[in-house]
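Colleague: In case it helps, TrEMBL gives these features for our protein:
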- 70, 77, 78, 79, 136, 162: substrate binding site (BINDING)
- 114-214: domain 'Fe2OG dioxygenase' (DOMAIN)
- 121, 122, 123, 205, 206, 207, 208, 209, 210, 211: 2-oxoglutarate binding site (BINDING)
- 132, 134, 188: Fe cation binding site (BINDING)
Ligand code: SIN
Ligand code: FE2
């Protein structure tokens with residue numbers, strides 16, 4: 001197989017921990033359909049910077065689609081059925097995203113994953129995401145499916161404690177990372193995005209995390 005075929009189809013799944021699987025290039029064939037589906041989502045619910053409960057402006061800009069969307073403000077972190085900016089329900093989860101999430105979860109060993117929330121994060125060069133746990137969802141028995149688009153990133157995969165050592169996981173355009181089971185509450189974050197221009201996405205990284213929140 002020549003190199004371009006490897007790039008096109010991605011390489012083999014990589015198990016990073018007992019219930020954490022990197023699926024290199026898994027979304028590559030779906031990128032144009034994903035971007036087409038995201039366009040109306042971003043028109044209805046544009047990226048915005050939220051504030052932590054402590055009042056700090058988050059570096060990552062975000063929005064959501066799905067029945068529930070993740071929000072942060074002085075009242076805390078939570079899922080909301082409405083966009084606090086428009087007062088309207090979040091845009092629906094596009095079918096292409098729902099299907100991709102189910103397929104990726106299955107490939108990583110999690111059957112019957114049906115997300116009801118997709119957090120869309122927007123990173124510029126220099127933007128980082130500090131170590132945190134995803135713990136605002138009701139059922140930690142359901143995995144998280146994370147799709148990377150645009151500029152490459154270094155994902156930090158930590159342990160159950162904030163102070164645990166972290167594994168550095170390079171994430172490229174089209175990669176899908178899935179974590180669940182006993183890894184569901186691992187701390188994780190993203191190192192500052194390096195300056196660059198992605199041929200399809202420009203000077204940004206977009207990450208989609210699909211969750212069963214409700
Ligand atoms: C997240 O933890 O919500 C996003 C992770 C990422 O951007 O890769
Ligand atoms: Fe997270």
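For all residues, glycine too, the Cβ spot is worked out from N, Cα and C.
Keep in mind that TrEMBL annotations are predicted by a computer and have not been checked by a curator.
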Colleague: By DSSP, what is the split of the domain 'Fe2OG dioxygenase' (114-214) into helix, strand and coil residues?
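Modeller: Per-class counts: 3 helix, 44 strand, 54 coil.
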Colleague: Over the residue list 70, 77, 78, 79, 136, 162, recorded for substrate, what is the maximum interresidue Cα distance in Å?
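Modeller: That value is 23 Å for the farthest Cα pair.
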Colleague: Same-chain residues six or more away whose CB lies under 8 A from the CB of residue 78 (substrate binding site)?
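Modeller: Once residues fewer than 6 apart are set aside, residue 78 (substrate binding site) is near 70, 71, 72, 136.
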Colleague: Long-range neighbours only, meaning 6 or more apart in sequence with Cβ under 8 Å: which ones does residue 132 (Fe cation binding site) have?
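Modeller: Residues satisfying the criterion: 187, 188, 189.
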Colleague: Using the alpha carbons only, what distance in Å do you get between residue 123 (2-oxoglutarate binding site) and residue 134 (Fe cation binding site) once rounded?
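Modeller: Distance (Cα to Cα, whole Å): 18 Å.
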Colleague: If you check the binding-site residues 77, 78, 121, 136 one by one, which have a CB less than 6 Å away from any atom of ligand 1?
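Modeller: List returned for ligand 1: 121.
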Colleague: If I restrict to non-local contacts, at least six residues apart, and a C-beta distance under 8 angstroms, what lies near residue 134 (Fe cation binding site) in its own chain?
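Modeller: The list for residue 134 (Fe cation binding site) reads 144, 184, 185, 188, 209, 211, given in order along the sequence.
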Colleague: Could you check which of the binding-site residues 70, 78, 79, 134, 208 have their CB within less than 6 A of ligand 2?
Modeller: 134
